[in-house]
Amino acid sequence: MKFPLLLALLVGGAFALHLSSEASDSKSPLVDESLPREAEISRPEVEESPPGEQLMSLEEEEEEEEEEGSGSEGALGNEGAVSGQDVTDENLQSPKEEDTTSLMGDSGFKTGRYLLVRRPECFNKAQLVCRSCYRGTLASIHSFSVNFRIQSFVRGINQGQVWIGGRIVGWGRCKRFRWIDGSSWNFAYWAAGQPRRGGGRCVTLCTRGGHWRRSGCGKRRPFICAY
């Protein structure tokens with residue numbers, strides 16, 4: 001009586017073990033297929049800078065290096081000092097009276113007086129004229145109202161742009177805009193696409209619209225002195 005019962009228990013145990021083994025084998029392919037998905041989910045994402053911005057920056061650097069290397073622009077130090085290689089105080093000629101127009105006594109310019117010099121000069125020489133002849137500097141602009149009034153002041157001349165006192169100092173990632181008189185760069189009125197798509201290290205004001213543009217510092221333009 002005991003032997004048939006023992007035999008039945010042994011057969012039942014072997015059958016249960018066989019079913020467990022088949023179930024384990026049938027699940028293993030699903031586990032293997034899921035492993036790559038887990039790896040992909042856990043892999044950290046890497047952010048990359050937009051290629052257009054990177055290429056644009058490289059193009060700007062190449063343009064500036066070409067301009068500086070050609071000698072067409074005077075060297076501007078990190079503090080905005082004017083180079084004396086091209087002109088000195090001794091051989092500087094003051095602009096003729098008919099080449100200048102003064103804007104003073106206007107309620108819109110309580111912080112200073114402005115002078116338009118129509119005789120075109122490069123940026124460095126324009127700054128030297130402002131400093132030596134009028135004891136001032138190329139104009140710095142800190143509000144839209146002043147920018148608008150200066151643009152209204154110069155829009156009648158037969159030139160598209162005039163120098164103001166903004167320029168780039170530093171190189172590469174350390175580049176920044178500064179006013180040549182040392183005042184805070186707390187306002188800007190750039191034209192569309194500027195300053196990123198502009199070339200040159202000096203800043204002009206457009207006589208139509210009053211927007212600002214970057215320009216090669218060696219170009220000769222009329223300019224605005226503040227004193």
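The backbone N, Cα and C atoms fix where each Cβ goes, glycine too.
For C225, the disulfide partner named by Swiss-Prot among C122, C130 is C130. Per Swiss-Prot, the cysteine from C174, C217 that shares a disulfide bond with C202 is C217.
In three-state terms derived from DSSP, C202 (disulfide bond) belongs to an extended strand segment. For the pair C217 (disulfide bond) and C225 (disulfide bond), the Cα-Cα distance reads 16 Å. Less than 8 angstroms from the CB of C225 (disulfide bond) sit Y114, L115, V117, V129, C130, Y134, G136, T137, L138, A139, each of them six or more residues away in the same chain. For the domain 'C-type lectin' (128-227), DSSP puts the residue distribution at 21 helix, 31 strand, 48 coil.
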